[in-house]
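J.: I'd like to ask you about the structure that follows.
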């Protein structure tokens, strides 16, 4: 009898726990994805803060030349970063217990791998949690689909690119100047500016900013006034009201006359789908571009592609970009390579008689 009562209480406790986890009445929804999201993001955030403040220099290139990234080792907010895991580790899974000591783990950049892997798991679970909450509220799933774009972008630079290049040391550093360094080296080695998927990403991000500004300003300029001239127009709005808060017909008429009629949406659903889909598709393409360049399927190479009738090269902007790429490649990891990879791959020219 005692065993049966204990079993019932245990089952009842588990049932109450499940109800609490999946309840949409909580101030912050947890969900089953949240059970994994909360510890992984807390771990990533905690280690990031500690390492950004106090981590010792990391031997990123595996050549016994540590690079300082933390505040206590001479950096400021702009120059500081979590330095990627050493090239000596490559793609090996490198938890603390795999190192001979904590000092060795820090020297080889163990915190970077810990932060990145927990962060990627956490943001993927955040996306799943968005879907889970939408499902429980009877909403459609497109919020999670939109969030998949930044998740794909983060996965591309922190996981896919290191896998393609063979080492976590090629991942993006977790800091401002480190991000710029990553961008410059990426351009030097992969010519990303000449990759069509990057161009689509630029169109997505800048276009999304433009459309967001246009939409916000049009809506704000066509609010239906429910107040006097002496009161704020915002005071006429009640949260959850059934009436429209702005006049879409007026906004459509304004924009249609500003450009032309069919440049303006007259359907609010189509408009908001477009506002979501444009930047999301652009960022998807950029993430796909990074993932293909990870395996060295690089941007277009139009170097010395224009020649005159005598076969002499007529330089184009593509040739100027190529010269800049070579210069950037010469500068980066200056002590790790005896010669830039692109130049080292060229056969030597015989100058003998």
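Cβ coordinates are placed from backbone N, Cα and C, and glycine is handled just like the others.
Here the structure is a predicted model, which means the values were calculated and not measured.
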J.: Per Swiss-Prot, which of 11-28, 29-46 is transmembrane segment?
T.: 29-46
J.: Quick one: sort out which of 70-85, 86-101, 102-117, 118-133 is the transmembrane segment according to Swiss-Prot.
T.: 118-133
J.: According to Swiss-Prot, transmembrane segment applies to one of these ranges: 197-218, 219-240. Which one is it?
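T.: Comparing 197-218, 219-240 with Swiss-Prot, transmembrane segment matches 197-218.
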J.: I'm validating the feature mapping. Which of 274-288, 289-303, 304-318 is tagged transmembrane segment in Swiss-Prot?
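T.: So the range that Swiss-Prot calls transmembrane segment is 274-288.
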J.: Using C-alpha atoms, which one of the binding-site residues 126, 198, 264, 272, 333 comes nearest to residue 118 (chlorophyll a ChlzD1 binding site)?
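T.: Of all the candidates listed, 126 is nearest in space.
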J.: Using a Cβ-Cβ cut-off of under 8 Å, list the residues of the same chain that are 6+ residues beyond the ends of the transmembrane segment (29-46) and lie near it.
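T.: Result: 20-23, 114-116, 118-119, 121-123, 125-126, 128-129, 131-133, 136.
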J.: Where else in the chain does the transmembrane segment (197-218) make close Cβ contacts, counting only residues six or more beyond its ends and a cut-off under 8 Å?
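T.: Long-range Cβ neighbours of the transmembrane segment (197-218): 251, 254-255, 271, 274-275, 278-283, 285-286, 288-289, 292, 299.
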J.: Check the Cα-Cα distances from residue 215 (Fe cation binding site) to the recorded positions 126, 170, 189, 190, 333 and tell me which is shortest.
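T.: Closest by Cα distance to residue 215 (Fe cation binding site) among the recorded positions 126, 170, 189, 190, 333: 126.
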J.: Within 10 Å of residue 126 (pheophytin a binding site) (Cα to Cα), which of the recorded positions 170, 189, 190, 332 do you find?
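T.: Of everything listed, nothing lies within 10 Å of residue 126 (pheophytin a binding site) (Cα to Cα).
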